[in-house]
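Okay, structure first, notes after.
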Amino acid sequence: MDQDAFILKEDSEVEREAPGGRESLSDVIGFLDAVLSSEPTDIGGDRSWLHNTINTPQGPGSAHRAKSEGEGEVSTPSTQDNRSGEESRVSGRTSKPEAEAHAGNLDKQNIHRAFGGRTGTNSVSQDLGDGGDSGILENPPNERGYPRSGIEDENREMAAHPDKRGEDQAEGLPEEVRGGTSLPDEGEGGASNNGRSMEPGSSHSARVTGVLVIPSPELEEAVLRRNKRRPTNSGSKPLTPATVPGTRSPPLNRYNSTGSPPGKPPSTQDEHINSGDTPAVRVKDRKPPIGTRSVSDCPANGRPIHPGLESDSTKKGIGENTSSMKEMATLLTSLGVIQSAQEFESSRDASYVFARRALKSANYAEMTFNVCGLILSAEKSSARKVDENKQLLKQIQESVESFRDIYKRFSEYQKEQNSLLMSNLSTLHIITDRGGKTDNTDSLTRSPSVFAKSKENKTKATRFDPSMETLEDMKYKPDLIREDEFRDEIRNPVYQERDTEPRASNASRLLPSKEKPTMHSLRLVIESSPLSRAEKAAYVKSLSKCKTDQEVKAVMELVEEDIESLTN
């Protein structure tokens, strides 16, 4: 059957069956898609027309929406007006004369455009204008039943059979439209690029179109859900990003290794392989993309990825622990911490035990544990020593305070003893000096109880003083005491001197007349002496009671003895 004639015949039948006589070109192409998919063997062997440039008479504000049996939807809504999918279909209609004019010129390219565009494009089905549900299938079914294979196997197969790509695309496998360059964006946000503003969905081609897609929270969630690993139909254990060490979910809104702009979510291999409209191809041997950092240097078990280095260092540490213990024991012995190396090995102290265990550690974790124990035990021992020193200082302080108290009480007791001793000495002095002061030494009346050394009478050169008188024989006698022939006849010279006599000197006239001059001068001698006040008062009182010159002489002798005893 002639293909062009079949297309024109079906197109004319569709136009006649339309209720209003006007149908959009997408409905015609969708009908042709259903007819052609039932009989794929009628298409000729020449498939070079599949790689030609697509030219469609759609306007800049149109949007394509199609559905295939059992598969997801692919929609590119316009950013100029936020309309629903049904309104977008109506907005893409053309007039009846235009449909008739283009119906005669439809060729194999339009047929491929309708058929391959539904099965080969991989787009993020997200309504950016309405912000509705993205409609991305979490686990797209493997409805066509094609066997899943790895990327490397498919690449080798495609390199061996270059014509197989066209066959895969005709049969519904994902393949990018080939034969021409990508059209530039004509509208805002790439809405008028005839569905090419979305990311390419080919798993065989490495080309990435740098078209911007405005990100949104729903779009990011959709990309994250798509990047999750999906379980295969064979019932194998599903692989998650946590158990696969070579994959990492790329961060959003950042430049990745492919150089995509920040506004575009990064496209991963899962996005090309497990698209909403294409059968998911399980990739078993997945390599991380070039330019991206490996996810983790340590796997899930928590150990580093270089077990050889750790085992070597562990063996080396086991071999060296004996020598390390010997060196440590030698060092402690040389520093004077311990007496001998045997004491370090046999000591039961916590610090020494942890030190030996740290030196015998097989790995870093055990060594860290033992070093921590060593530090804590040393801190505990130092804290204990600090407490002991505090207790010792407290005891020393208490003893010092007790010593101060004892010294204070001793000093007070010593003062009391000194005062008592001085009083005893004064009493003894009175007994020895005053006792036995009589003319006859043989009298038994007032014999001294303590015999002291006898005093030697010393003659003192006394300076002449008119207010002073002496009863001893002096070379120069003062005028107050004058020897004359009448003196022996006077019984009481003190009381009889008040009479004015020519024998009186001129110095006696200068003294007050209320008191006798001799008594006044004697009282001055007593008061000017270094005796105590009580003694002075007693001597003055006894002197005033004297009746004769002998009594006055005896009193003055006692005064002179006391003065000499104090001065000597």
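Every residue, even glycine, has its Cβ placed from backbone N, Cα and C.
Here Swiss-Prot gives region 'N0 binding' for one range in the set 33-41, 456-464, 465-473: that range is 33-41. Looking up Ser216, Ser447 in Swiss-Prot, the residue bearing an annotation of phosphoserine is Ser447.
In Swiss-Prot, the feature phosphoserine is attached to one residue out of Ser62, Ser182, Ser257, Ser513, namely Ser257. Per Swiss-Prot, the phosphoserine annotation among the candidates Ser68, Ser202, Ser313 falls on Ser68. Residues belonging to the region 'N0 binding' (33-41) score a mean pLDDT of 68 in the model.
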